[in-house]
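Asks: Encoded as structure tokens, here's the structure I'll be asking about.
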Amino acid sequence: DAKHLVPNKMRDFFCTINLDQEEVFRTQVVEKSLSPYFGEEFYFEIPRTFQWLSFYIYDKSVLQKDLRIGKVSIKKEDLCNYTGKENWFMLQPVDSNSEVQGKVHLELKLNELITDNGSVCQQLVVHIKECHGLPLINGQNCDPYATVSLVGPSRNDQKKTKVKKKTSNPQFNETFYFEVTRSSSYTKKSQFQVEEEDIEKLEVRVDLWNNGNLVQDVFLGEIKVPVKVLRNDSFQAWYLLQPRENGNKSSKTDDLGSLRLNICYTEDSVLPSEYYASLRNLLLKSSDVQPISASAAYILSEVCRDKYDAVLPLVRLLLHHHKLVPFVAAVAELDLKDTQEANTVFRGNSLATRCVDEMMKIVGKHYLKVTLKPVIDEICESPKPCEIDPIKLREGDNVEINMENLRYYVDKVFREIVRSSISCPTLMCDVFYSLRHLAAKRFPNDPHVQYSAVSSFVFLRFFAVAVVSPHTFHLRPHHPDAQTSRTLTLISKAIQTLGSWGSLTKSKLSSFKETFMCEFFKTFQEEKFTESVKKFLDDVSSTESKEPSGLSEPVHLKEGEMYKRAQGRTRIGKKNFKKRWFCLTSREFTYHKQQDKEPIFTIPIKNILAVEKLDESSFNKKNMFQVLHGEKPLYIQANNCVEASEWIEALCRVTRCNQKRLSFYHPSAFLNGNWLCCKATIENTVGCARCTADVPADTQIEIDGDRETERIYSLFTINMSKLQKLEEACGSIAVYQGPRKEPDDYSNFTIEDSVATFHTLKQIIDIVEKLNESHEKYRKKRSSSAKYGSE
């Protein structure tokens, strides 16, 4: 959220997340506010190097360009200082002098030259080779040029490169010569030297600019290199472009407002698979350990400050190795031991509930789409007024008509859910089956608890959450507007109530905080809805397979708007890029003129031969990739680097088993009669570059087991002091069986069996120490082989 934003009047605000200057996500628009609450969470892989993670606050405009109010920019190196906790950041002004990204490749050299008369002069040679990753200007590649200056107290010699058109990676390859010191007698100076007072004060400055033609040139960044570092050496390095030192000094920074962020940034070095065998095996055995609180997986959740840090990699690893269901059952049983009342079953944020939540997010994506997407699309695309709160009614609204509209939507969503059991993934059914029977065993005298144990997840934590945030679950490509969001919130509340076993009784209705919701639910027939819920919960918590043989429905994997290059089937007309709606299922890859229109081009998945990145130089466009199939390559441009990476991974996963996959491809396009990469003139010639390695093999769930194990190792390393404290606590309990003298040391830990827990802890600490040694060897090897200034 943000507060005290300028201008000091109610406006419509949204926030974007940027890698350097590239926007990768944006929030919904919060209308008429000075302190907008966004409340949104974004999780994404970072597919490229970057310097800054930035957040921009925009004032939304209908007729003009959206106005950037301010920004928060955090250097990559500083992200670790803010990770895992909430921080308020003052908004900084946005100006071209501080908006920089990219790097420049320079070679610098000091020469001595002997003139015709035998005297010596000192010469600086600056070879500006290339730049990489310059920002887009107004969404397009820039027209960059560089100025190269030798700057001192009393001199500023400046030279300029040629302008390179439409590229973010210009190849300059220009050399400039500067006189450093005055000529001197050759006999007087037999060896090359530069006077200290001169060398200390001189520096090379390279400024990058975008050529504005008829408008003002835009500053892209600068670097400064003191001449004194060169001495007698030739020096070659990549330098990150920096903002101007006076970039923000003229502007006030205390009156733009502030932004609250909770950032969690992780960066892991994943070693070869064999290094993780011991830790992986220890974690996978967790469900067999008695008691479960003595297992490695449970101990991980105990020592992490935020359980979610542990849950995400743990669930993915156990899911990847088919060990999740027994582990969830074991931790759920422990959870139930501490539950005293049947009506509070699985209502807290325990390890068990968080594991089930994460499992449903991962394996339930397709289930949500086939169940809710059609009705959510109807609500968002043809919205009817549904406000029933008398305080929020707009002028001219009829509460009775609104209640009818809301009832229509609630009935439709509820009907789709209770009819969807045949589509519920088998893994979810297996987990629900375990939870149901564990709850019934814990509270044998309560006939309803077996249903509430399941409904608390499938209705409250799955369907209701997806209804209120359809964009988060990829049910909608964009955020719904404010009125539609309110409608979805009311529907979500209704679904939670209808799905809660026995909640339609009069005694329960009287406990509603909002009297208008109480009045709304009086129109529902309790018996009809409770029977439908009961049947649905019976179906989804059964271990019988309900998935139809042959999987008649294709699995919907990904969709979104991108740009494709015209296939060029006719000789007439320019081959241009057009915006299209792309859709990927387990059967085919299609694009459409608009969403929900018939496809205008279809590639069966079995016909895809390779999916690879495309060099930017092909069309002077970023974030491009190519889909190779029987016909000409399909060239596609994604909207940002994160989106491009996600599409490439999704397409590679679904085509991994294709028998005719290529081993070689062309990284550039075939233009003007030759391949730009290898200059071959035959269009169907074999590729000149080897195809990238296979991705993790799972169509719907992209999991890299080694990477998840590395993340768990990192968490154990960060929390080593807690592991050691827990180990000491187990030792003291085992030795001293009397009253605990120092409960503060381990009172927050669950220790059911001190001997078993101690044994597991010793194994964890030993394994982590061995992995520490392996990582240290890797770091030393990398640092010894890395050259300063290398790309």
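One-based numbering along the chain as shown.
Note: Cβ is positioned from N, Cα and C throughout, glycine not excepted.
Note that TrEMBL annotation is computational and uncurated.
According to TrEMBL:
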DOMAIN    1-89  domain 'C2'
DOMAIN    100-240  domain 'C2'
DOMAIN    306-500  domain 'Ras-GAP'
DOMAIN    555-656  domain 'PH'
Asks: DSSP says what for the domain 'C2' (100-240): how many helix, strand, coil residues?
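Replies: Residue counts for the domain 'C2' (100-240) by secondary structure: 9 helix, 82 strand, 50 coil.
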Asks: Of the residues in the domain 'PH' (555-656), how many are helix, strand and coil by DSSP?
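Replies: In the domain 'PH' (555-656), the DSSP-based counts are 20 helix, 43 strand, 39 coil.
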Asks: Counting each residue once, how many in the domain 'C2' (1-89) are helix, strand and coil under DSSP?
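Replies: The domain 'C2' (1-89) comes out at 6 helix, 43 strand, 40 coil.
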Asks: Would you report the average pLDDT that the model assigns to the domain 'C2' (1-89)?
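Replies: Result for the domain 'C2' (1-89): average pLDDT 88.
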